[in-house]
Amino acid sequence: MKKIFKVKFFIYLLGVMGPGLVTAFADNDAGGVATYSMAAAKYGYQILITLIPITVVLFITQELGARIALASGKGLADLVRERYGIITSVFMLLMVFCVNFGVILQDMSGLKSALQLFGLDYRIYLPLLLVFLFLFLIKSSYKKTERLFFVLILFYLSYLFSAVLVKPDWGHVARSIIIPQGKLSFDFIYTSVAVLGTTVTAWGQFVIASSIKDKKLTSSDMKVSQFEVVAASFISNTFTMFMMVAVAATIFTHGLHIGGAAEASVAIRPLAGNLAGVLFGVGLLVAGFLGCAIVPLSTAYMYSELFGYEGSLDQGFRKSRFFYGFFVFQILLASLFVMQPAFSLFKITLYADFLNGLILPILFIYLYRFANNTEIMGKHRNSKMQNVVLIVCGVIITIAVIFGIIGKLFNL
């Protein structure tokens with residue numbers, strides 16, 4: 001009987017699976033790979049201590065975003081517009097658009113760098129990949145798009161293989177995840193907030209909510225969806241660990257300095273073998289492509305919801321022209337910068353991801369209010385314990401952001 005129940009649950013999970021998994025792995029986009037690489041190159045295994053708390057914050061926020069969407073049947077931007085009016089909505093749109101655009105620049109720059117790693121002319125292949133992406137999105141359904149994302153996620157296994165090939169001290173890795181290593185500094189806090197900001201994102205909340213709408217999940221799918229979100233957060237950050245380990249065991253150990261993920265791929269090759277570097281580069285290529293798809297979609301979802309336009313991957317270009325138009329606008333605008341020969345946003349990638357972390361407390365306020373609104377949530381509203389955990393996370397992040405800013409302003 002138990003076996004039958006497990007089989008049924010697994011089949012049900014496969015049907016519900018998607019929004020949580022795709023959103024969690026999209027957080028490991030090219031900008032994320034760059035931030036993880038630079039953090040690990042700078043602090044080595046010491047940075048691994050951030051993984052457990054960041055994973056906890058990730059599944060708390062993703063679970064909450066999914067629960068709000070399932071209980072209300074609406075996206076996060078829909079709720080902001082309905083509850084707080086157009087002025088607050090426009091402010092949020094501008095704030096998230098600016099942050100997201102920085103992430104899109106990172107992802108497109110990462111895609112460009114990955115193409116160059118493999119000797120491909122980005123002036124030809126980058127536009128081709130972006131055109132393919134757009135045509136695929138407007139011609140496909142949500143289901144087909146989700147399957148494409150699943151295939152891309154499989155390529156993240158390259159980071160597992162890369163980490164194994166560099167032959168790290170796994171005992172030291174395990175200790176570093178649990179026991180703090182090295183000294184705490186303002187710069188370490190700043191870097192940790194950047195790692196948090198690239199893992200737990202504002203745009204992730206809009207993606208998971210809108211994906212749940214597109215997938216047509218309801219409150220009856222609550223338990224399984226919550227399980228998927230928690231599992232996806234853990235799995236995604238396990239691959240984050242592999243990225244950090246690959247860099248820490250090679251670049252940090254040998255005292256080298258890098259300016260991004262592409263440089264990490266090149267630097268790993270002579271230290272751990274060509275295959276390890278190539279696999280790291282493959283991961284960067286996939287991460288860049290996935291980010292170029294999902295981050296602009298998150299802003300397009302938000303734009304459509306805030307202003308009451310149709311916005312769905314299940315609708316064609318004619319019905320959702322504003323949705324797809326805003327997606328194209330972001331891609332074209334980013335391309336104007338990234339296609340410049342000398343352009344590389346990886347030089348300021350930590351700053352961009354710190355900005356992501358900076359706006360998280362604002363997002364927490366909206367999540368807290370919606371999650372405690374009985375009219376929106378019904379029986380799925382937050383418990384007292386969930387509120388305590390959310391508030392504690394928000395306070396800790398705010399304090400870390402303040403310390404990070406102080407450290408940068410005064411060069412501490």
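Each Cβ is built from the backbone N, Cα and C atoms, and glycine gets one as well.
Because TrEMBL annotations are produced automatically, they should be read as predictions rather than curated entries.
According to TrEMBL, the protein carries these features:
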{"type": "TRANSMEM", "residues": "43-64", "note": "transmembrane segment"}
{"type": "TRANSMEM", "residues": "84-104", "note": "transmembrane segment"}
{"type": "TRANSMEM", "residues": "124-142", "note": "transmembrane segment"}
{"type": "TRANSMEM", "residues": "149-168", "note": "transmembrane segment"}
{"type": "TRANSMEM", "residues": "188-208", "note": "transmembrane segment"}
{"type": "TRANSMEM", "residues": "229-255", "note": "transmembrane segment"}
{"type": "TRANSMEM", "residues": "275-301", "note": "transmembrane segment"}
{"type": "TRANSMEM", "residues": "322-342", "note": "transmembrane segment"}
{"type": "TRANSMEM", "residues": "348-368", "note": "transmembrane segment"}
{"type": "TRANSMEM", "residues": "388-410", "note": "transmembrane segment"}
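Comparing 43-64, 275-301, 348-368 for CB pairs under 8 angstroms to the transmembrane segment (322-342), the maximum falls on 275-301.
Only residues 6 or more beyond the boundaries of the transmembrane segment (275-301), in the same chain, are considered here, and those with a CB under 8 A from a CB of the stretch are 22-23, 25-26, 28-33, 75, 77, 96-97, 100-101, 103-104, 106-115, 117-118, 129-130, 133, 137, 149, 152-153, 155-156, 158-159, 161-162, 165-166, 203-204, 206-207, 210, 243, 246, 250, 261-262, 264-269, 311, 313, 323-324, 326-327, 330-331. A contact between the transmembrane segment (43-64) and the transmembrane segment (188-208) is present, since 3 or more of their C-beta pairs, 6 or more residues apart, lie under 8 Å. Sequence-distant neighbours of the transmembrane segment (229-255) (same chain, 6+ residues past either end, Cβ-Cβ under 8 Å): 19-21, 23-25, 27-28, 32-33, 36-37, 39-45, 47-48, 51, 54-55, 58-59, 62-63, 66, 156, 159-160, 162-163, 166-169, 173, 177, 199, 208, 264, 267-268, 271-272, 276, 280, 283.
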